[in-house]
């Protein structure tokens, strides 16, 4: 049985339950309860109507509030209190008000304005407050009308969608409404601004002057701002269903039904009603806007009247002046307080009558001010103080001498004052001190032309700069530069430019950029003549400044102004300044800025005699102890000089030749100091810098070669027909200046030249040319000599050589590598008859396969391309070298270096492991032992997953090899696993392998095995797990040689104690 709600608040729930009610009468109970609830609601509505009819407004408001608190609401009360027109009173109602006012409750129309005003001035402010209140009411009315318009628009849109059933017909134009037009204009303007069509957006906004594009509320719809135009376009397909093409077919159907006709008529009537309502609402909005504009203009006029009437003349420190000032301040405070305290309880009054009253009161205020002025003029007045609308002082010092030709003189032109008396009167009232510099400058502003303003700025800026905070002085840079550009006197311009360079004590990078931009603007505006005469001397004066920031500013200025100076000045003055700073300055940051400016400078110098001097400065910067200076020289100075060298046809035979010669001298000097090629004491830093310079020049060399080919006359023919070259096939440039697209000119030019070059050299026989022959017959053989003499002792040098040949191979392409580069290496590594005997170990030690040629060829040439054929060639080469070195029992340093370089690339890991596994199953024990030693390098270069799946099983296989040299070779690799792997299962297996080596009696007499164990355990001891390092079962091993090895490891060191038993 359902519970019957208790609708009587005076009865308890027990009184409601009746014994005669059964389960069969539940529907009757529910209907009776509904009728009771409806009757209760009707009684409340009748009570509300009675209260409103008897004009018990406050009681009705309290009743409405209590109903809202209990969750109930009567529509009659809600509509009454939400309509502001029910509380507005007309003019006639003011005289017939029946409510008696008391002194404790003051309203706007019961205030005594005489109590709160001084000479009637407060009434103007009270009227301002009334108008502001009416303005707020008008704005609220506009908002309510806008909400009604939005609701009607939504209803119309919903009804249209229901009739059309979601079908949108394309190509049909509908009549656009003002609110729709404003919304669409707003979205279009927003799209133009987002897409950076600023000029189009400005033109569009000017063509729609009646709309404010910065405020969505100006559209007139109380709805959220819609998404962007792009979002609406992308989302169109989810809502719009184009009308499908139809064909007429004859069939017997009932085309018109009465229900459809009724629906159509109802929809038509509803549409006409909505259109009429929308038109009425738009008319009301226009009327409210006009009324709003009228009220605003009236408020503005009243503000202007108050501003004109509140001019107070402050004289010398006299008693009258102080009293009048205090009175005026009190009056102003009273006016402000009265305006701020006016709220929405003020009733609406007639605008016309109030304006008339305010005009009459304003006249009385003016009369009072004139009488007060007569009192003030008796004293010695020296300054004028004007109060703004907020009552604050505009100025406290005399600002301008009033001339007899001003507007005030025109108002009093009917007076017959003698010129002498008039001048004396003005001098007495507006006395200006002649000793004040600022007063003198300000007094000359009226009627000043541009030249006068520029000279005035030049006079004032030296006094302004010292008083500006150091952190804000950069704000003066535009003002100083404009004045220096336009000032007619050269001496004043020098002073201003001196102020510019000394404006900031230690300018940071951003501030220096501001000054440099200003210097460039000065050069563009004035020309090279004034730039040389005025700006360069300022740079010369700062060249030896004690602060490095100033010297950096000078160096950067030389580079920034290079494009605006004649080549004669660049080759002489600017070059000598930068050269002096490069040699003498001890700060690395200054030298870095100098090198950067040298790069810009040699991009504009045309004097060929300065090329040698540029090369000398380049080598000086490359040998600089600061790495930042060297990197700047490689990425800025060297590319700039390389372009000039190519123009002079000196790139190959001069610039690159110098770099390669430096490498050859380093290798020759090192060869004189050592007889073993694997341990040559090279000057590593100098060698690395030269190799970096060579790598930077490869791009310029390639462009020079392909531009000078015999096919160069056919470039224009294929320029627009060739497919764009794949830029990813070239190595990534180290800087933008060495990018092939930038060096060549553009991508189309590069694509055409590369296409012609590869087609030309891809032929079975082709015509060579000078630059191509120089690369093949001069550069590559000399670089191979450097590779042979570099040695394998320094990994960084090996890496730089591999990197250089990698860049050379990728840049010149696969066809060039196959036909010209690879044959050079193969010819170098062919073994002669004198090495065929396995006993020729001494001769084999010095052959090319034991030098740096192997890693360079493997990592620099064969791995430059990633096709299946290239990887097969790399795998075959590694297998051949592994077998060759193993058979000759030659040193494995070259092969280890190759594996180290290749393992640094993740894509080579599988290839290397495959090569080593083929060696694991090789028939020769020397090859298997070599593979075991190479696994030590793979442990350090691959991940734990490959170690557990590929490396460790191979070591286990080699650990059970019947040859003792193979098992011994696995010991270092097992130790490397202990150092680099953290998998517990694998470490346990490695420990057991070590235990096998130590406990097996067959190893007791093998001295080599014992020595290898001692070396490996001594190396891995600090990195082993504590349980392996501290367990005595693993710590003591007895060898038949009579030695006991004890490993004692603590927090700081590892002690190996070897004592005789």
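Backbone N, Cα and C define each Cβ position, glycine as well.
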Problem - Residues flagged as coiled coil in TrEMBL, choosing from 222-263, 264-305, 432-473 - result: 264-305
Problem - The annotated coiled coil range in TrEMBL, which must be one of 128-155, 156-183, 184-211 - result: 128-155
Fill in the blank from the handout: The residue range that TrEMBL labels region 'Disordered', out of 1-22, 23-44, is 1-22
Handout entry: Tertiary contacts of the repeat 'HEAT' (951-989) (same chain, 6+ residues out, Cβ under 8 Å)
Key = 913, 916-917, 920, 925-926, 928-933, 935-936, 938-940, 942, 944, 996-997, 1006, 1008-1009, 1012-1013, 1015-1017, 1019-1020, 1023-1025, 1028
Practice task
Across the whole of the repeat 'HEAT' (951-989), what does the mean pLDDT come to? Round it, please.
Solution key: 84
